[in-house]
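What follows is a single structure, written as structure tokens, with notes after it.
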Ligand code: NIG
Ligand code: FE
């Protein structure tokens, strides 16, 4: 494990070969047409857990004097490396027990992925103690952090009864404020004993006692709107009940085939609709047309799923060319995508989904922030949360150019260095 340390308040990072700010107005950014706000030969000042100043290193003495009025507490030299904002992984299912490697192996031998595999993880999750679930969750959060993920959404959905869903969101809330109630993941098997008689009865439970128990721990409600899971009518019931309980809306849809889930998500003002693998022209137009005054429905693409299920990848180019806002996320879960690696998502987005490197890096940072309706993360503009990833590479392009290579050199979260070696401390 990398060394962990907690420096003093103001940290100046010098020697940044390529700084991606996602804040095009930053001093020295290459041009207004670049939404990723790249600054070359840059410096970055972190203070009080926030970005205090970003710009060309040649202007940093004056910048630091202006915003800090004193020497920084420490100076870190990164020797020409690239820096990007911490990744915002807006879609994971990390409260679970067990693994489904046998299912993966069978799939690679020709079996199809179905929503039914979720029930295997439900059985293992229900049987696990709180401590075992907590340990597994924290292990995966640490694994993600080591790969540069500084903001992470976590869903429930492997409990599927009131007690185990409540436990799932409660444990998730211990590691992140971005908690999603996904009681409507699939209908549990009747052999579980406590399962309702049919799908509609299960939706009654999800929108009734289960929602009441889970809403206090959650920020979002989600539903798997897909053949084998929930119909559009059932999904509408779940989402409107969640919204009435004060939760924001997000949807799993159009993963395994075409359907009405994307349009339902847009109609209900969802922050994000996730998967979007099988889209009609109307779906694409609805996503693009959903944006008004900086708010709309993000299309969150999850290429780890296509990688692990051998489905065709979604066409990000088609969405971007239509004017939709695209995020990429890991969907880390033991069934359809057992990876927490946002660098891998960037590589897949570029290689398999038609995105440029700039678009993919934006989608993995600012895009994820849009999908969570957050403006404090996903960028390194002044005032942003000081979540910073230093890559062991001269440019962000290496995230796609060197797939599978551990390129994360150091990470700051909230202004604290949480991954990597300590830098030099400023003399005096
Ligand atoms: O996002 N699509 C639904 N849920 C998960 C899969 C969960 C599982 O297979 O365990 C997903 O891919
Ligand atoms: Fe998912």
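Using N, Cα and C of the backbone, Cβ positions are placed for all residues, glycine too.
Annotations in TrEMBL come from automatic prediction, not curation.
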Of 217, 252, 416, residue recorded by TrEMBL at the Zn(2+) site of 91, 93, 331: 252
Candidate from 158, 401 that TrEMBL assigns to the same 4-imidazolone-5-propanoate site as 100, 185, 255, 336: 158
Length of the line joining the Cα atoms of residue 100 (4-imidazolone-5-propanoate binding site) and residue 335 (N-formimidoyl-L-glutamate binding site), in Å: 6
Cβ under 6 Å from ligand 2: qualifying binding-site residues of 100, 185, 331: 331
Listed in sequence order, residues not in 158, 333, 335 with Cβ within 8 Å of the centre of the N-formimidoyl-L-glutamate site Cβ atoms: 93, 96, 100, 117, 118, 121, 157, 334, 336
Listed binding-site residues 158, 185, 255, filtered to Cα within 10 Å of residue 93 (Zn(2+) binding site): 158
Subset of binding-site residues (158, 333, 335, 336) lying within 10 A of residue 252 (Zn(2+) binding site), CA to CA, in sequence order: none
